[in-house]
Amino acid sequence: MLQVIINGLLIGGVYALVAVGITMIHGVMKIVNFAQGDFLAMGLYFTYAMYSLMPQGSLPYWLLVPVGAAMYLAGCIFFSTTIKKVIGKGDSNYILLTIGLSYIIQNVIQLIFGPDFKSVAVSDQLRNGALALGSVSLSTARVIAFIAAAAFAVFVNWFLASTDIGRAMRATSENRVIAESLGIKTSIVFITAFALGTVFAGISGLLISPIFLLSPKVGSQFSIIAMSAMVLGGLGNIKGALIGGLIIGLVESMTSSYAGVLLSQAAINAVLMLVLIIRPYGLFGKKGRAS
Amino acid sequence: MGGRPIQIEVLDSTSDAATATLPLERALSKGGYTSVIGNSNSSIALTMLPILEKYKVPTVTGAAANKAVSEQGCSFVFQPAATSSSFIPTQLDFLAEYAKRIGKDVKDLKLGLLYSNDAWGTDQSNNTRKQVSQRGLKLVSDEGYEGSSFTDATPLITKIQNAGVDVILPSAYPNDLKLIFTAMNTLNYHPLVVGGGAAMTWPSLYKDLGDKVNGLTSVDSWCWDQKGAKENTGWMEMNAHYEEKNKEFLAGQGGPTLFSIMLAYEAVENAKSDDPVTVRDELRKLTKDNSKWFGVINGNGDFDDTTGLNTGSRAIIMQWQNGKPTSVYPPEYATGELLNPDTMKPFEKK
């Protein structure tokens, strides 16, 4: 049982990080980014490309800054060329736009890297290594991913609470009009939020690079999970996204272990439905507000 | 051929059965195609059949392993490679041989079935259950999953480990296999693995697992060093060229695909025509006895006149040794020696 719980928390940490990114974007801009999983795929492929320049057996985590910077730049470009056009312009334009962006990213990845599965050639110690804690065995790569995700969660909380831009993002998410009337440059806030959301997804990609094979569509399964975590936690609520990600990881692990892998998606959705029936705005969401 | 250049056009099936027919229909509607090669993915091959029948262009399906591909009444499909109806008996015969080598009764081994929930995986699993029951073997774990849907195989492997499985029979694609083997390594759980083909026999498995791949076994319709291939000089020349160019061996889908191309080529040569219906008729006539290439595939090659299934094809067991798969069973098709997966040395005589 302990092994099952810890397995769930470890993968839940990665889900939480992807969910935080999508939540940040929704919280500030009130749009759901259907390409969030593909941003994770971009992070994976940036890692793959940059890692090929490093000595064999190096830790991919050294690429945190360059991958983060590349994803930030990509996020700024995506926002400026596409997303900016649809903010506040209608209820559903962003859906088609971000779905279209998802397809474009997948196809560009395939054009550049090809459709074949690839892997980041990390050391065997990292790829297959395990930490033994009593009766529990933990994958080294997953533990590192979880710790890093937790560190980013702490960073996000600090960022939103203690920095000017973070406070501006929170103000904009509460009420854009009032925020603008108070002198907050919402154009800066939007691009920052979107780029940061992109960075979180890309960093998630880097963190899972020792664990997953790369393929153009690898991000799709994470998009769905991230959205589920976001809704479960409450739209626009960062803390909720974190908790939502962990809960989904736990549900997935426990269902797979005791009932069957085929039932895990059903179980996740059942939990989501149950929570929404009891709390229609998610665990930490509130009607008409987003924090 | 005959002074005319052969044009090969590569169409992207998108790896999605729902959209795979679009590029095929677009191409065949333009006309001018003598034959199609593929698809090695059974789910996609099934969707192609109505299009082929509509435009009357034959296909030789490469490594598609679900027999249903040739049971849909399409008169333009040719399925050359061994199907799961051959895979499973070969896997279980091999298991009996392995049990004998380690001094055990195969009926004492606890089997675990793990399969992707698609046309190929479910076909494999259905055939496995039937055969396991007929042979009186113990199936203690039976886990299906949606391909590429899980992000962590540890819960799944924990469950299988807790069931006491001695032999895992996985039918999985690359990313799922990576997660499965990584989970097994994390949990220090090393049952005998007899895979169901696909990603178990691809070069990417070695790139991914490194030397931990050695000892893993799998059934497949093809192994680059199987007897029929090694005894065909022309084939080995192409094989050498492939290895030199791509720096890897001709893998589980690659071999049957090349084989399919050569059969189509031979049919066009025999037909002395590029008319697809005539080529289809020539494909039907090809057998191991009159074809330069049919002997490359294991078994007695002969396409059924009605279904297009190669009824004589047989599967083979390969074992990863020194980072490359080697054919090890059955002796009539294999050229390598089965090593003890635990020691990677020959079995001690019991």
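Note that Cβ sites are derived from N, Cα and C of the backbone, with glycine treated the same way.
What you are looking at is a predicted structure, and each value in this text was computed from that prediction instead of being measured.
Feature list (source: TrEMBL):
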| type | residues | note |
| --- | --- | --- |
| TRANSMEM | A:6-25 | transmembrane segment |
| TRANSMEM | A:60-82 | transmembrane segment |
| TRANSMEM | A:94-113 | transmembrane segment |
| TRANSMEM | A:143-161 | transmembrane segment |
| TRANSMEM | A:182-212 | transmembrane segment |
| TRANSMEM | A:224-251 | transmembrane segment |
| TRANSMEM | A:258-278 | transmembrane segment |
Going along the chain, which residues at least six beyond the ends of the transmembrane segment (A:60-82) come within the CB cut-off of under 8 Å? 39, 42-43, 46-47, 50-51, 54, 97, 101, 120, 122, 144, 148, 190-191, 194-199, 201-203, 205-207, 209-210
Which range out of A:6-25, A:94-113, A:182-212, A:224-251, A:258-278 gives the transmembrane segment (A:143-161) the most CB pairs under 8 Å? A:6-25
Based on Cβ pairs under 8 Å, which of the stretches A:94-113, A:182-212, A:224-251, A:258-278 lies most in contact with the transmembrane segment (A:6-25)? A:224-251
Cβ under 8 Å to the transmembrane segment (A:182-212), counting only same-chain residues 6 or more beyond its ends: which ones? 14, 17-18, 20-22, 24-25, 27-29, 33, 36-37, 39-48, 51, 60-61, 63-64, 67-68, 70-76, 78-80, 83-84, 87, 120, 122, 126-127, 139, 141-142, 144-145, 148-149, 152, 156, 165, 168-169, 171-172, 176, 218-219, 222
